[in-house]
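Per TrEMBL, region 'Disordered' is recorded for 1-34. Positions annotated as compositional bias 'Low complexity' by TrEMBL: 16-31. Annotation comment: TrEMBL describes 105-526 as domain 'Amino acid transporter transmembrane'. Per TrEMBL, the feature transmembrane segment maps to 111-128, 134-151, 196-214, 234-253, 260-284, 304-328, 348-369, 410-431, 452-470, 476-495, 507-527.
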Amino acid sequence: MALHGSSPQVLGAVHADAATASSTPPSSPARSDVDDVDWDLDFAGLWEGGWEELLREDAEQIGEAYQASILGGVLGADDEHEIEEEMGEGFKESSGHREGRREHKLSAKGLISNFVLSIVGSTVLGLASQMPRLGWILPPISVVAGCIIVSENTRLVTATIDKLQAQKGITVLAYPDFVRGALGIWGKRISSATSMLALLGMMCTTLVLEAQNFNFLLPVHWSWFGCNACGHKWWAVFLTPIGLAYVFGNPGILMKRAAFLGPIVCILTIILAWMGVGMSVAASTAMPEVCRGSHKLLPAPSEFFSVAMVLELAKVGSYGFYNFAVIVTVPTLRNQMKNPKKTAPAAIFAYILALCLFLPIMFLGYLGFGNEVPENLVDGMRDDRPSGWWALNRSWETGKLTVAGACLDLIVTINLLMTEAIYIPCTVLAIEASFPGLFRRGPAWASKVMRGVVVALRLLVAVGIESFVAMSALVAALFCVCNNIIFPIVAFHYFKVKKVSRLRKICHALVLVYGIFIMIFGTYAAALQLSPAPGLPPGQEIRENLSPVCRATADVLNVTALAPS
C-alpha cells in the first residue's frame, strides 16, 4: 500500500537460508550464448488452480514475503549472511526470519495480492489533488505512464535475472544481487543507498500523514510556537513513542501475524475513497450553479511551456510514478514463487488492477471538488457545512468530518502503522549494514544513538513539512527513479539480455529521459512545495477567486466568514 502510493512502497529481503540458497547451483546450465530468455507473458496461466488456490494462500506467508521484499532491496544475499553471522539471533528476531525454508510458496494470485496490497494505501488520498493545475488529461496520463513503465521494467528485470542465473551461474535472491550481477559492485552500492534513503524518506512521509489524519479525527487546538492551526505537529510528537517502539523493538512479527487484515484494509480503502469522491460530486450539485467548481481539459497554451508548468508536470509525474515504485521487491518475491516464470505477468496484472482502482478517484474527485480539491481526500469528506460554505476559503474543508471520512482516516492510518512495523526496522538494519565498522563492530552505544537519531529526524521532518504529497513526490524523484527506471533499463541493455526491436530501444531511451526529467525537475518542484506559506484556516474569509456572478450570489445570501475557532 503506496504512499502511493503507494505506495509503494520500496526495498526487499531474502529468506533466512539466503546463504544456503546462494550456494545452490542454478537449475539451468551456465552458458555464454543465452539470448532466448523467456520473453512471453502468459497472463492466461495466472488463473491455473482457480480461485481455490488463492483461498488456500497462507496469510502469514504473504506477510513474511512482504517483509522479506522490503529488506532485500537494500541487502543482498552476501550482506544478509554477514549480518546474520555477526548478529546471530538478534538479526533473525529483528528481521522476523526463521530457520529453514517454508515449504509453502506464493502462487501467482498470491503475488498479485501482495503487489496490490503494497500499492493501494495512502497514495489514494492525494490522487485527486493532482488534477486542478493540469486538467482532465495530463495527471491521469502521468499515472498511466507510471504503470506502463514499471510493467515494462519488471519484464526487463525478470528477463535479466533469467540470463544472469543461466550465464553467470549465480542465484539472485534480492535486488542488490540483480544489480551487482549485471552492473558490478558500484551498481549494487548505489542501488542499496538509494533504496535505504527511499525507505528513510517514506518513514518521514508516513509520520507527516499520520499526524494530519489523527488531527482530523481528534483536533488539537494548542498553539505550536505561535501557530494556532498546527495541531498536526502536536500529533507528530504524540506518535513518536510508537516510532521508538518500532526502532528498538520487534514489531515485524506482529505485522506478519496481522497479515490477514491486509485484503480487508485494501478493499475498505478503495471503497471509502470512492465514496469520498462520490460524495463530493453529490455535494457540488447543492451549490449554486454559478459557483460550482471549474474544470479544464488542458492548461492554457500560453502557460503550457512556462517554467511553472514544467515543474508542475514533473511533480505530478513524480507522484504518479510513486504509486507503482515497487520494482525493487521483484527479485525477492520472484524467488519465493511456486513458478518464477509467472512473476512478470502477475506483477503487471497487479499494476493494471491498481491503475483501474486509482483512475475513478482522480476523475470523480476532480468532477466534484473542481479546482478546490483538498490535498488530503479525508479533509474533503465533510458535511454540516455553514450556509454559503462554497464562497469561503478552503471551502471543502469546512464542516464536520463524516462517518465515511473518519473510517477512511482510520483505515489508512492503521495501514500506515502496520507497514511501518516493517519499514522502520528494515531501515535501521540497512543503515547498520551500510556502516558495519561503526554500528556492528563498533561500540555498543553507537547503534542505540543511531536509532535515536532516526526517530529524532523523523519527528523533525514531520513538524517542519506540511505537504505529504510533495514529500512523496520528493522521495520518488530523488531515490525511486534510480532503482525503478534507470537500473532495470541500463542493466538489460548493458548485459545484452535479449535483442529487441528498434522501436522498443527508442521507447527505453525515452523512458530514461523521462526518469532524468523527473529526477531533476521533480525534485526541485517537490522541494518548493514541501512547506507552503501558511494561510488562514478553512472558512475564515471569502474566496478571492469567486466569479462576479458567484460573489453577487454570496452577497445576496449574506455569506460571511466564520469566526476563528
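Glycine is no exception: its Cβ is also placed from the backbone N, Cα and C atoms.
Unlike curated records, TrEMBL annotations are generated automatically.
Of the two recorded stretches, the transmembrane segment (410-431) lies close to the transmembrane segment (260-284), with three or more CB pairs under 8 Å once pairs fewer than 6 apart in sequence are set aside. Counted as Cβ pairs under 8 Å, contacts with the transmembrane segment (304-328) are highest for 111-128 among 111-128, 196-214, 452-470. If one looks beyond the transmembrane segment (452-470) by at least 6 residues along the same chain, the residues whose Cβ comes under 8 Å of a Cβ in the stretch are 3, 122, 125-126, 129-130, 200, 203-205, 207-209, 211-212, 224, 233, 236-237, 240, 243-244, 247, 315, 319, 375-376, 424, 427-428, 431, 526-527, 529-532, 534. The transmembrane segment (196-214) and the transmembrane segment (260-284) are not in contact, since fewer than 3 Cβ pairs between them lie under 8 Å (pairs 6 or more apart in sequence). Outside the transmembrane segment (134-151) by six or more residues, the chain places 127, 295-299, 312-313, 316-317, 319-327, 347-348, 351-352, 354-355, 358-359, 362-363, 366, 484-485, 511, 514 with a CB less than 8 A from a CB of the stretch.
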